[in-house]
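What follows is a single structure, written as structure tokens, with notes after it.
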Amino acid sequence: MAAEARVSRWYFGGLASCGAACCTHPLDLLKVHLQTQQEVKLRMTGMALRVVRTDGILALYSGLSASLCRQMTYSLTRFAIYETVRDRVAKGSQGPLPFHEKVLLGSVSGLAGGFVGTPADLVNVRMQNDVKLPQGQRRNYAHALDGLYRVAREEGLRRLFSGATMASSRGALVTVGQLSCYDQAKQLVLSTGYLSDNIFTHFVASFIAGGCATFLCQPLDVLKTRLMNSKGEYQGVFHCAVETAKLGPLAFYKGLVPAGIRLIPHTVLTFVFLEQLRKNFGIKVPS
């Protein structure tokens with residue numbers, strides 16, 4: 001009798017990403033604060049101390065509902081497309097996809113996920129940035145759904161997709177860095193014969209993937225955050241890039257350290273959770 005393997009269900013990526021987001025949300029919030037500074041005034045530790053001192057420890061979880069909403073749109077979409085297509089194509093070809101096909105599939109999945117997740121991403125950035133604004137300038141969204149409703153009512157439906165081009169481009173890059181590079185790294189690690197398909201292998205492969213994703217998407221991440229948090233002062237992506245460049249070339253990598261500190265653990269946790277979901281609750285298929 002043939003041994004049985006398991007493949008992920010289409011929604012496992014969204015669930016795993018939500019679990020990871022709950023663990024890394026404070027780092028994501030600090031990253032947004034650092035990126036939206038007009039001048040480099042505070043580093044990561046200083047920003048964390050200021051947030052806690054001003055609004056309390058729970059302020060580090062400001063916007064968590066929007067972050068979870070984003071994961072259940074953006075991450076669920078890209079994981080569902082990538083894993084469903086990859087598993088079906090690989091099943092027909094009797095072997096893993098070549099790396100260039102993984103990159104292409106990751107790009108398409110990320111573009112779709114980035115577009116679908118733009119409204120939740122917009123609200124997520126605003127809710128995280130709210131705690132550093134003066135009381136009179138805060139938007140004070142009660143939760144993610146309230147934020148989505150108020151943006152649509154007060155600013156129009158088009159505003160919900162402000163920065164969609166940038167979010168989709170960033171989604172493509174981070175998905176290539178995470179999903180495509182994770183698959184390839186895991187394949188290479190297993191091919192050495194020194195490690196089996198266990199949690200340590202998942203950790204090593206996802207750590208590599210997190211580093212790749214951070215390197216690829218940081219410049220776009222800075223521009224996306226500035227566009228979404230703007231009040232109309234930028235005419236588009238190019239104008240935002242020009243204005244950011246005036247602050248110096250390193251402005252595109254503002255918040256790089258907290259971005260890496262946040263994205264690498266987030267990537268590791270996402271894939272560890274995903275692999276455990278697949279192993280214990282995945283769909284059984286003949287191996």
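Cβ atoms here come from the backbone N, Cα and C positions, even for glycine.
In Swiss-Prot, the annotation transmembrane segment applies to 255-275, one of the ranges 234-254, 255-275. Swiss-Prot lists transmembrane segment for one of the ranges 63-82, 143-162, namely 63-82. Your range for transmembrane segment, going by Swiss-Prot and the list 163-182, 183-202, is 163-182.
Within its own chain, the transmembrane segment (103-123) is flanked in space by residues 63, 66, 69-70, 72-79, 81-82, 85-86, 97, 141, 144, 147-148, 151, 159-164, 167-176, 178-180, 224, 228, which lie at least six positions past its ends and keep a Cβ under 8 Å from the stretch.
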